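**Q** From Swiss-Prot, for reference:
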type: BINDING; residues: GLY142, GLY144, LYS145, THR146; note: ATP binding site
type: REGION; residues: 1-69; note: region 'Domain I, interacts with DnaA modulators'
type: REGION; residues: 69-97; note: region 'Domain II'
type: REGION; residues: 98-311; note: region 'Domain III, AAA+ region'
type: REGION; residues: 312-436; note: region 'Domain IV, binds dsDNA'
Amino acid sequence: MSIFTKIKKSLKSENLVNYNKFIKNLEFDEKNSTSTHLIIKAPNIFIANFVKRKYLNKISELYEKETGIKPKIDIVTKEISHRPLTIEEIIEPTTPSVLIPEYTFESFIVGPSNQFAYTAAKSVAENPGKNYNPLFIYGGVGLGKTHLLQAIGNYLKSSLNVLYVTSEQFMNEFTENIRMKTPERFHEKYRNCDVLLIDDVQFFAGKERTQEEFFHTFNELYNQKKQICLTADRPPKKLYDLVDRLRSRFEAGLIVDIQPPELETKIEIIRKKCELNGIYLPEEIIEYIATKLDSNIREIEGMITKINAMSKILGISEITLDFAKQALKEHIKDKKEVITLEDIIKLIAKEFNIKPSEIVSKSRNKNIVAARRCAIYLAREFTKESTPIIAKYFGLRDHSAVSHAIKSFNKKLKEDSEFRIKIEELKNKIQIKKSE
């Protein structure tokens, strides 16, 4: 096995998705390389740039570990490794449609938490542009949104012109074409596809020119009855920094969510991942992983890989529960719960005996106003959201209204000792949730 093959194998064990997207098709240029100067060929400029940014140091470290030599590394494109890039070559590969073959409907584990999203995605794939257009899938990180989006693409790619990109890729390519004064090239690519799949549209937030361009792209495709599928980490109504007319387009189709998988679904996911990767884990270890680890499927995959890799490195032929606990000890110990605005709203609604929807309403009822101010105060203290985002979430005019609410709340804290004790109890509950 060559050194470069070993390096690729090591990178594959760390992140299978990125390996399939960016590392798998890299080639080592033996003819032009030396022991101190490595030339690696990438299929296109996009992959070359990604590998330079994300993997150059790692490849260098792995090579030095194998040989004892710290190399100089050049990442070039296969077809243009010995000549300058033309404008066309720079622009065209900037946003490749990378569909991962493994992401199919057959490999997607269905459970109560994702049944509706799965059924909707399958229906769209079977009747593109007819049933649900656009299809908007939202949910937390690592729950399967990208898998379903790509499953649609893989189902249709043999018969239709399918274009899959992330919102960041869309934005980067749009910006590059504007800079190069070639907007027609961008329009030709994005407005002539049959199926447009865009991942993580929440990253369009605040990018006004990109939103404007996507609005026109959306309309052009929609009017031609072309299928549009989108994913985000939240529903359209909570994409606060999107222009209203774009948000309304998203809301006009079918909106489905994916919830964190319940225990039984997590167990099935772990079994499937082990089967696909040729890894055997006893049932008690599978159940341990399912109960102890986050519902983030990517994290679960990473832990399976870690247990398997550690067992091979240490020469352990039979993986026991004690070994699995030891392998995952640091990860489980360091896990922290992320507190969201929704968590704050639910907690305050329960404490004040009102509905969550009343907290974000315009009601001036004294009890609801007090609950709202309390929620705003705790949101500012315990979530990562900015003041403008908090303002929009609670339906306030702007960030100054948040400051006013917090000021009023602090005044009550100083004046009312009983109220202060109650708030400290709420803070303790949130701290406990964070450390779980």
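Positions of Cβ are set from backbone N, Cα and C atoms, glycine also.
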**Q** At 10 angstroms around each C-beta, which of the binding-site residues GLY142, GLY144 has the fewest other C-beta atoms nearby?
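**A** The binding-site residues GLY142, GLY144 were compared, and GLY142 has the fewest Cβ atoms within 10 Å.
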**Q** Taking 8 Å from the centroid of the Cβ atoms of GLY142, GLY144, LYS145, THR146 as the cut-off, which other residues in that chain fall inside it around the ATP site?
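**A** Near the ATP site, beyond GLY142, GLY144, LYS145, THR146, sit GLY139, VAL141, LEU143, HIS147, LEU148, THR231, ILE258, ILE297, ARG298.
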**Q** For GLY144 (ATP binding site), which DSSP three-state class applies?
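**A** Assignment for GLY144 (ATP binding site) reads coil.
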**Q** Let me make sure I understand the structure: which of the binding-site residues listed (LYS145, THR146) has the fewest other Cβ atoms within 10 A of its Cβ?
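**A** Sparsest of the binding-site residues LYS145, THR146 by Cβ contacts within 10 Å: THR146.
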